[in-house]
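Inspection log for the structure reproduced underneath, given as structure tokens.
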Ligand SMILES: NC(=O)c1ccc[n+]([C@@H]2O[C@H](COP(=O)([O-])OP(=O)(O)OC[C@H]3O[C@@H](n4cnc5c(N)ncnc54)[C@H](O)[C@@H]3O)[C@@H](O)[C@H]2O)c1
Ligand SMILES: O=P(O)(O)OC[C@H](O)CO
């Protein structure tokens, strides 16, 4: 019988390369150097730092990658007076965004964006989505022509022409192909090597997806490729709106059944919205880690949920910006801006009635409705889909 989904390659299937010191390898790194891939990570927040750690553990083991992983850091001065980049390079820890976790000595923090990417043919983008337009503008003409990109960013932009996924922004601005990696991935849990899964969405070349799978996979981080960039990326993006709704439910002590209902309705709106935007989106994508699994983890343990809970407990009297700054110390929420961006698309296309949960979350975030409206306005009208 044909499998319902693409088969998950096991760790041993995906990591078929000989390790550096295997007896059948030629010990001449310089001679092979030109054929090796160089990785740069653009971003160094909570997930960015964990992604760099995962990648760095693999570039040390796999022959086809240079050991060094260059990580662009948005420079800031810490309370101790030292630059964040200097602290990372001295201690091998990101003291602000991932304290207590060694990244690997082959992770080199670099505050110079152009310098960080100039030699890399594998570019990993992992910043909050609101900064990506500016970052892309700075990188036009500065990346290798043969570079491949992957976006770990959960978010979208809305332009005059309509919605623009972050992978599309990267592809169009930089003229390079861009895959995506999304999943049920609370960074702090992966940092301490708790078992997780993730999904790589790729466009057409399976070998590109396999390269990303090799770069990210570890025995505790299992990565599955699916040929559905838009579906995977929309899952990662839209689940943040559902997480905000789940936080409202928690803040109002509505209980587990209500939260499960919100997750179900949210997933249904995610599927319907994704398919209306891109008819190519596959149903099976929503059963991968990037889909239902991310909805669950984000509604149980994510930052969007946590700050939305505080917002509801305060009856909406303290703004998300204020709560985010106080509770996350520099880390950024994606759900509030994504709710606004999706609301713009819904209004513009006349779809507000079709997506009561998405629309209501935005209206609560901006203070037009009380947090309790999350259930009052979420009766699903999606029978068309
Ligand atoms: N943290 C997680 O558990 C997690 C898991 C999966 C996916 N993601 C996604 O990964 C992306 C990045 O999130 P994160 O958790 O790594 O970041 P974060 O929220 O922990 O950190 C914020 C980052 O933004 C940077 N920054 C602040 N101002 C900036 C500016 N003007 N220009 C550029 N950068 C600036 C900070 O230096 C910091 O690196 C997001 O889309 C998020 O949804 C996060
Ligand atoms: O902490 P959040 O809410 O940004 O969610 C983190 C990840 O996206 C969960 O997969």
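Numbers here mean position along the shown chain, with the first residue as 1.
Including glycine, each Cβ sits where the backbone N, Cα and C put it.
Residues within less than 8 Å, Cβ to Cβ, of residue 239 (active site, proton acceptor) and separated from it by at least 6 positions along the same chain comprise 154, 266, 270, 294, 295, 298. The active site, proton acceptor annotation in TrEMBL covers 239.
The feature NAD(+) binding site is assigned by TrEMBL to 43, 44, 45, 46, 47, 48, 74, 131, 187, 303, 332, 334. DSSP gives residue 187 (NAD(+) binding site) a helix state. Taking a C-beta cut-off of under 8 Å and a sequence gap of six or more, residue 187 (NAD(+) binding site) has these contacts in its own chain: 46, 47, 49, 50, 98.
A simple way to gauge crowding: the CB of residue 154 (substrate binding site) has 28 other CB atoms within 10 angstroms, across all the protein chains here. The feature substrate binding site is assigned by TrEMBL to 154, 303, 304.
The compositional bias 'Polar residues' annotation in TrEMBL covers 9-30.
As annotated by TrEMBL, domain 'Glycerol-3-phosphate dehydrogenase NAD-dependent N-terminal' applies to 39-206.
Per TrEMBL, the feature domain 'Glycerol-3-phosphate dehydrogenase NAD-dependent C-terminal' maps to 228-375. Under DSSP, residues within the domain 'Glycerol-3-phosphate dehydrogenase NAD-dependent C-terminal' (228-375) fall into helix, strand and coil as 114 helix, 0 strand, 34 coil.
Residues or ranges marked as region 'Disordered' by TrEMBL: 1-34.
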Considering each pair of residues in 154, 303, 304, all listed as binding substrate, report the largest CA to CA distance in Å, no decimals.
13
Those recorded positions in 45, 154, 239, 303, 304 whose CB falls under 6 A of ligand 1, listed in sequence order:
45, 154
Residues among the binding-site residues 43, 187, 303, 304 that border ligand 2 - Cβ under 6 angstroms, in sequence order:
303, 304
Determine which residues of the same chain, besides 154, 303, 304, have their CB within 8 A of the center of the CB atoms at the recorded substrate site, and list them by sequence.
240, 243, 298, 302, 305, 333, 334, 335
Would you count the other C-beta atoms found within 10 angstroms of the C-beta of residue 332 (NAD(+) binding site) for me?
18
I need the least crowded one of these binding-site residues (47, 74), counting other C-beta atoms within 10 angstroms of each C-beta.
74
